[in-house]
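Peer 1: Input: one structure, supplied below.
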Amino acid sequence: MSWASLRDLLSGVNKYSTGIGRIWVAVVFLFRLLVYVAAAENIWKYEREDFECNIKQPGCENVCFDHFFPVSHIRLWALQIIMVSTPSLLVVFHIAYRENREKHHNRKLYKSPGGIDGGLLCTYLISLILKIGFEIVFLVLFYKLYNGFKIPRLVKCDRRPCPNTVDCYISKPTEKMIFLYFLVATSCLCIVLNLSELSYLVCKYSMKCYLKRYIKKHQ
Amino acid sequence: MDWGSLHTILGGVNKHSTSIGKIWLTVLFIFRIMILVVAAERVWGDEQDDFICNTLQPGCKNVCYDHFFPISHIRLWALQLIFVSTPALLVAMHVAYRRHEKKRQFRKGDKKCEYKDIEEIRSQRFRIEGSLWWTYTSSIFFRIVFEAVFMYAFYFMYDGFRMPRLMKCNAWPCPNTVDCFVSRPTEKTVFTIFMIAVSSICILLNVAELCYLLTKFFLRRSKKAGNPKHHPNHENKETKQNEMNELISDSCQNTVIGFTS
């Protein structure tokens, strides 16, 4: 089980997405997943070993690291990518359910099982809303946990068993900050894409409904 | 998810590229991505562990390392390769859109549609003309811009392309000016110069491809203006040349796949 499974899952979803949905999948693959695997993972690889405090007191470094990094940035990043990709499964399940139904009844029940209409439209819209929700939740989590998106070079720690206030130094803070900003930028881009897709679908189907009603009225 | 997936995505674009575009893609995969994965990552693997400062002051090494390497070479190259590969996706999306339209025409039973079945549409190779020409040309332009921006970023951040052996650091909490030593500076310099050289070759290839496309465009326009009749023989020649180029690039790709797997 690895990122390749997520990639295969998203490739499957791609088939039933709108044009904007496909751009979203491409952005998630290239600018989030690939950057995570090829670059970001290595930056945070030795974050614990290279976290250094100006003290020899055993346990002080451990306690301070745990206090300042309750959940590591890189783990939050990975969770975010997974959570944001998962709502697309709702659409896949719904389409599979439609195809099963058609097979069971042995006749054509839908215009096209993958076509975004009726119940599938609701599922698709719900998945978009969930994606936007998860993105915002994770961005807020990042902001609240780490007091903004900055990573300081030095943090002052006075948790027990550190005897006094102790200077602790974080490794590669600038590089981590650059990639954190990159993460925030791509998240915002994905939120914008999802919002555009949502508005596009809502407008398209409202127009369709309105036209149908208008034609019926005049017949 | 790794560079192999990027290779799969870009391999699809290869079919619709010009010959120069296919050479560019081969250079990208063999001389940049493969070198990055197989060699460069190992050279920079121990960069912070073996960055040694002549002081016992805790925190001094961390701060000095962060001061001299705001973003590591290897990460900058990875970002450069991702950004430079992305414009090709514009072409892939445009081709997919065209295929989708043709399939729709075919399903509606449009008489204008000249394809016999869906498989033919799927394997159809589109010529670079009309709106696809504009998409393709824009993608090359963006590639050149990204390459140039990243090369400048390298030059600006590291004051040139040499990796010094010794750096003097006096950032707090280092008590005085402290000597810090970089690990494997010569090997890193060699690889940096190699990557910059290959970037420059890629820029030249992109510029050549851009000029080729522009020349072809203007020649076609002047021919159309001068002689509006259709020339089937000339088109057949071009199609055969493109098929040969495809065979050459496919055999190159198979070699690349063999290496990366």
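Note that Cβ sites are derived from N, Cα and C of the backbone, with glycine treated the same way.
Look at TrEMBL and you will find B:23-40, B:77-97, B:132-158, B:191-214 tagged as transmembrane segment. Residues annotated as domain 'Connexin N-terminal' in TrEMBL: B:42-75. The domain 'Connexin cysteine-rich' annotation in TrEMBL covers B:146-213. Residues or ranges marked as region 'Disordered' by TrEMBL: B:225-244. Residues or ranges marked as compositional bias 'Basic and acidic residues' by TrEMBL: B:233-243.
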Peer 1: Kindly state the mean pLDDT of the domain 'Connexin N-terminal' (B:42-75) in the predicted structure.
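Peer 2: Averaging the confidence scores along the domain 'Connexin N-terminal' (B:42-75) gives 89.
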Peer 1: Report, as numbers and ranges, every residue of the chain located at least six residues beyond the transmembrane segment (B:23-40) whose Cβ falls under 8 Å of a Cβ in that stretch; write 'none' if there are none.
Peer 2: 3, 6-7, 10, 13-14, 17, 73-74, 77-78, 81, 84-85, 88, 191, 194-195, 198-199, 201-202, 205-206, 209, 249, 252-253, 256, 259-260
Peer 1: Over the span of the domain 'Connexin N-terminal' (B:42-75), count residues by DSSP class, listing helix, strand and coil in order.
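Peer 2: Tallied per class, the domain 'Connexin N-terminal' (B:42-75) gives 14 helix, 2 strand, 18 coil.
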Peer 1: For a three-state summary based on DSSP, what are the helix, strand and coil counts in the domain 'Connexin cysteine-rich' (B:146-213)?
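Peer 2: Taking the domain 'Connexin cysteine-rich' (B:146-213) as a whole: 41 helix, 8 strand, 19 coil.
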